[in-house]
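Sharing a structure with you now.
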Amino acid sequence: MVLCQGGEGDAAPAAGGQEPEVPPGREDGPGAVQPCLCPAPGVEAAGSEERRACGCCSGTSWPFCCEAPGTKKKAKCPGLGLFYTILSAFLFSLASLFLKKVEDVHSVEVSAFRCVFQMAFVLPGLIYYKTGFLGPKGKRIFLFFRGLLGSTAMVLLYYAYQVMPLADATVITFTSPVFTSLLAWIFLKEKYSPWDLLFTLFAVTGVILIARPPFLFGSRVTGLEGSYSDHLKGTVAAIASTLSAASTFVIIRKVGKSVHYFLSIWYYAVIGLIGCIVALLVMNEWRLPHCGRDRVFLILIGLLGLGGQIFLTKALQIEKAGPVSIMRTMDVVFAFILQALFLNNLPTWWTVGGALCVVASSCGTAIRKWRHSVKKAKQREI
């Protein structure tokens, strides 16, 4: 049996409140050598059960995989992973724009529709990979909190999109990698260097420039989409969403590769749907949109969010996590462009300054993790 090389690079958490999931068959991290069910050269496979997909060559079955004798490895398309990342960022930004256009639907109800689309996508994967619906007994409590915190992050993010400028909310969510490093240091005892502290201070500075609290900027705050009260509520919701998303990344790291990627999303969708339904009943906000346009927007939000997640997963399959995390900052660029073109709301210079601080912080964190993963991979080779 031939050994095949695993995935490239540690999956650093992507920003924007959207969670980067480890693709199936790539959960073992950088440099991990996994057994590939391809027969060694000159050995025939014993039965159809042995003819499974090879993880080293994108699911191609033997004898056509890269390790089979007399075959050539398929050439990679340079930049394809980064193109998938940009496409993912564009789809996520479009979903956020349609969310801003929805008029009579509460953010919790929008989240419920999103959870339904997630469940419809994940269910066939659970059946195909035979993962079950509950997961290992010792990991269920972690999966529960992963689902609870992940869905909470989604609801809070959607609320922030509805009550504050699109660009402001998007920029705040890009502080997620910085807070992930901080929480991982507290709960997982991971290394937290002075560079991480500097990036955290940059992120906090960016959030302050966007929130513009009156005790620092005076009582007359300009460039807001609505009242300052709504702007402040949206800022708090966006920060809480970012912290919840960072907590889910820490939980995913804690669980590790013992739980399948699809099972993690399944908990996220099911617990999110149950929580949204309960919240809607308590708030008496459950209602179908009166306008046919809003119904179309809800469907588009679900489809675009799902498409963005698929392309992000594809990007992580064929590209290292560091460049993907850096390219995800295109979310901010798209948010600025869409806000100016379709919402007639030009971002203020305070927002631009905050965006520069947060993007610099996010990119710095991603580059450090990327270099660390490359260094670990070289040490394994030695």
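Even glycines carry a Cβ here, placed using N, Cα and C.
This is the feature table in TrEMBL:
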type: REGION; residues: 1-28; note: region 'Disordered'
type: COMPBIAS; residues: 10-20; note: compositional bias 'Low complexity'
type: DOMAIN; residues: 80-211; note: domain 'EamA'
type: TRANSMEM; residues: 81-99; note: transmembrane segment
type: TRANSMEM; residues: 111-129; note: transmembrane segment
type: TRANSMEM; residues: 141-161; note: transmembrane segment
type: TRANSMEM; residues: 167-188; note: transmembrane segment
type: TRANSMEM; residues: 195-215; note: transmembrane segment
type: DOMAIN; residues: 233-363; note: domain 'EamA'
type: TRANSMEM; residues: 235-253; note: transmembrane segment
type: TRANSMEM; residues: 265-283; note: transmembrane segment
type: TRANSMEM; residues: 295-313; note: transmembrane segment
type: TRANSMEM; residues: 325-343; note: transmembrane segment
type: TRANSMEM; residues: 349-367; note: transmembrane segment
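Buried or exposed, and what's around them? Tell me for each listed feature.
Tertiary proximity for the transmembrane segment (111-129) is limited to same-chain residues at least six positions away from its ends with a CB under 8 Å from its CB atoms, namely 24, 151, 154-155, 158, 260, 262-263, 265-266, 268-270, 272-273, 276-277, 280, 298-299, 301-303, 305-306.
Listed by sequence, the residues of this chain that lie at least six past the ends of the transmembrane segment (195-215) yet keep a Cβ under 8 A from its Cβ atoms are 168, 171-172, 175, 178-179, 181-182, 185, 221, 228, 231-232, 235, 239, 350-351, 353-358, 360-362, 364-365, 368.
For the transmembrane segment (295-313), the list of distant contacts is 14, 18, 20-21, 23, 84-85, 87-89, 91-92, 94-95, 98-99, 101-102, 105, 110, 113-114, 116-118, 121, 288-289, 324, 328: same-chain residues at least six beyond its ends, Cβ to Cβ under 8 Å.
Listed as Cβ neighbours of the transmembrane segment (325-343) (distance under 8 Å, sequence separation of 6 or more from its ends, same chain) are residues 12-16, 82, 85-86, 88-90, 92-94, 96-97, 100, 165-167, 170-171, 174, 177, 312, 355, 358-359, 362-363, 365-367, 369-370.
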Under DSSP, the domain 'EamA' (233-363) has how many residues in helix, strand and coil?
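Per DSSP, the residues of the domain 'EamA' (233-363) fall into 111 helix, 0 strand, 20 coil.
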Given a Cβ distance threshold of under 8 angstroms, which distant residues of the chain, six or more beyond its ends, lie next to the transmembrane segment (349-367)?
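Those are 12, 15, 165, 167-168, 171-172, 174-175, 177-178, 181, 195-196, 198-200, 202-203, 205-210, 212, 223, 321-322, 325-326, 329, 332, 336, in sequence order.
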Quick one: DSSP breakdown of the domain 'EamA' (80-211) into helix, strand and coil?
110 helix, 0 strand, 22 coil
Are there 3 or more C-beta pairs under 8 Å linking the transmembrane segment (81-99) with the transmembrane segment (265-283), counting only pairs at least 6 apart in sequence?
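No, the transmembrane segment (265-283) does not contact the transmembrane segment (81-99).
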